[in-house]
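What follows is a short report on a single structure.
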Amino acid sequence: RENSIHVCNPHLEKMKEDILYHFALGTGTHDFPALFGDVKFVCVGGSPSRMKAFTAYIAEELGLGSPSGDFPNICAGTDRYAMYKVGPVLSVSHGMGIPSISIMLHELIKLLYHAKCSNITIIRIGTSGGIGLEPGSVVVTRQSVDATFKPQFEQVVLGKTIIRSTNLDEELAQELIQCSKEINQFNTVIGNTMCTLDFYEGQGRLDGAICLYNEEEKLQYLKEAYDSGVRNIEMESSVFAAMCNLSGVRAAVVCVTLLNRLEGDQISSSHDTLVEYQQRPQKLVGYFIKKSLGKV
């Protein structure tokens, strides 16, 4: 069944041209169906360099290019985001935090809509702080929760607070867990992901410029998070889940943990170890894409 992108905005139909300002793309200057109509998988992550590396990786995995190939940045006209495409896979950076990924998602969803894409799967691949997990563990998010452990995203619109659901596609999450079992290279779990508005106080760290709580209070909070089902912490999943839900898009969040927050706040692993950790979500999602395309 064809599952098309749904845009919750009747005003778009009245616009002669839609300029995706932060992508440096527009319907009046670019042929969206020709450029993006064959896209089936969209992978998003914070860092432009990481998303370019993923593009090179998936190109080799799908037999569509070599890791040393030239992958031009489709959004070269702006320095806000980077976008790469290889075959049916679109790779986009989203920056850090809810505001940055929210802006990107508004324009990405419109891009997919204007391109007349269907049956799209969007996966966020990234890094996170783990709770009660060994560093290097990969977490597939069941649902994103806020800093009070509620599965919701609060958005203030015209001065009113709107509550939106942050559930993610359960079937897709289970497919990813199955893929991890087939790879059998690293520990992967399914659990809730806490999405915060800040890296330091919002995540209960003791090493920020401001900290008005003690270590005992921090550990009590993190243990409460763990008991509620939270297995990792990051800063984008809630609005990602909410916007994908509203757009009728199958979505997942796959993040590697760089440390166990019950044992500390600062990332102490070596550079080489961190590089290997960051490749784990890419390997899992790459295998999932290959399997979906019948290339495994």
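In case you wondered, yes, glycine gets a Cβ from its N, Cα and C as well.
As recorded in TrEMBL, the features of this protein are as follows:
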type	residues	note
DOMAIN	40-289	domain 'Nucleoside phosphorylase'
BINDING	Arg80, Arg124, Ile125, Gly126, Thr127	phosphate binding site
BINDING	Gln203, Arg205	substrate binding site
Integer Cα-Cα distance in angstrom, Gly126 (phosphate binding site) to Arg205 (substrate binding site): 20
Surrounding CB atoms that lie within 10 Å of the CB of Arg124 (phosphate binding site), all protein chains: 28
Between Thr127 (phosphate binding site) and Arg205 (substrate binding site): CA-CA distance (Å): 17
Distance [Cα-Cα, Å, rounded] between Gln203 (substrate binding site) and Thr127 (phosphate binding site): 14
Densest Cβ neighbourhood among Ile125, Thr127, Gln203 (binding-site residues), 10 Å radius: Ile125
